[in-house]
Amino acid sequence: MAAKKQSKSAKALRTTVRYEDVAVSFTQEEWEYLTSTQKTLYQKVMSETFKNLTFVESKKKPQEPNPNLKDKDDDKSSTCTGVFKGGPFFFCLTCGKCFKKNTFLFNHQFPVRSRRLAVTKPQSRKALGHKPQHRGDRPFFCNLCGKTYRDASGLSRHRRAHVGYRPRSCPECGKCFRDQSEVNRHLKVHQNKKPVAGSHVKVHQNKPVASNQKQKGRVPPTTRESPAPALRHLKVIQGPVARAKARSSRASSLEVRSTSVTVARPREKVYCPYCRITFTMRTCLLNHLKIHFRRQPNQHFCCKESHSSNTLRMQKIYNCPVCDSSFRGKESLLNHLCSRRPIRLSKCWEILGHLLGYLREPLGNIFKVRESRKRRRKRISSDSSETEGPSGSDEVMEVDTDSDLS
């Protein structure tokens, strides 16, 4: 009996101690209740325990070598870099887990693969079974599209896309942007542009020009007094032999078409009887109706049921949250938000700005400002017409008096 007890005690001593047995783990709710000093103390204690475990593992006795597993041991020794020598640990401040490398902590906080699967394959098991870690890191979300952000500045910048608010403008071309970073990115386009050559042609009479190096220039524009050249838009090549090249008749015909005034005909909008999406062309409506005919009548209209990328692209819809009008493109939705309708006095983006709390002025003040501006314009136009009227009548009276005297 004593021998059996000794064998049991020896087995109990030989059992390995894991990190999970020694470590103390807190739940998310318990971790939130801890103070900053308690969190730092917990990190220090856990780092010390981890170092002690690695030290004990390095001091273990080596096992007896097995001749059958020599090759495998050699491969392991070549791949293994050694025992962790102890260094700075990386702790997650939200759940308290520690990691050896910063990359492990980053993958723990921001799992990239699950996000890609959720976008590319939304019905896959990995994407459906995945639960996003640390939701508290992105508490700010948009009520319209559901996008989440870490801080309020990112959410306000995203709201400008819905409202169409672009306060920053380019000093070179006058284009408007949402923030200064987009303006700085746009200014690089102006910096990379090469300076346009002048209209005059520089002729180097003294310097000889090689046959392989040809300098190109343009003929100076003609004035009213100077005679016009025989060919339009000559392209002169300076060198040992001067040649003139005229552009083809096709290019000139294209110029005439571009300069001619085109009258835009109003197109009748056609809407889908199933989902009430409006289209300007009937062919687009017919292509859209194929999606409804493919599916069964009891199924709902959803992007998940389509099988190809073209059908997904056609089913992508942008809805206006104010007037419930749907569009296929993002630009058309922004144009609709910024345009003013004759039925409504205000634009859709103004109403949306008040709903989101972006514009602080009430709609009544905006209407008053518009009415005052209209009245001022009417007064200015009436004053200008009155000033022009009496001057014209005086001239007529003077002409009549001159005719009477004659």
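Using the three backbone atoms N, Cα and C, a Cβ is placed for every residue, glycine included.
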Swiss-Prot lists zinc finger for one of the ranges 2-24, 140-162, 347-369; which is that range? 140-162
Among the residue ranges 168-190, 214-236, 237-259, I'd like the one that Swiss-Prot describes as zinc finger. 168-190
Helix, strand and coil totals (DSSP H, G, I; E, B; other) for the zinc finger (270-292): 11 helix, 4 strand, 8 coil
Per the Cβ filter (under 8 Å) with a sequence gap of at least 6 from its ends, the zinc finger (140-162) is approached by 178-179, 321, 337, 352, 356, 358
R178 (site 'Crucial for 5-methylcytosine recognition') has how many other Cβ neighbours within 10 Å of its own Cβ? 19
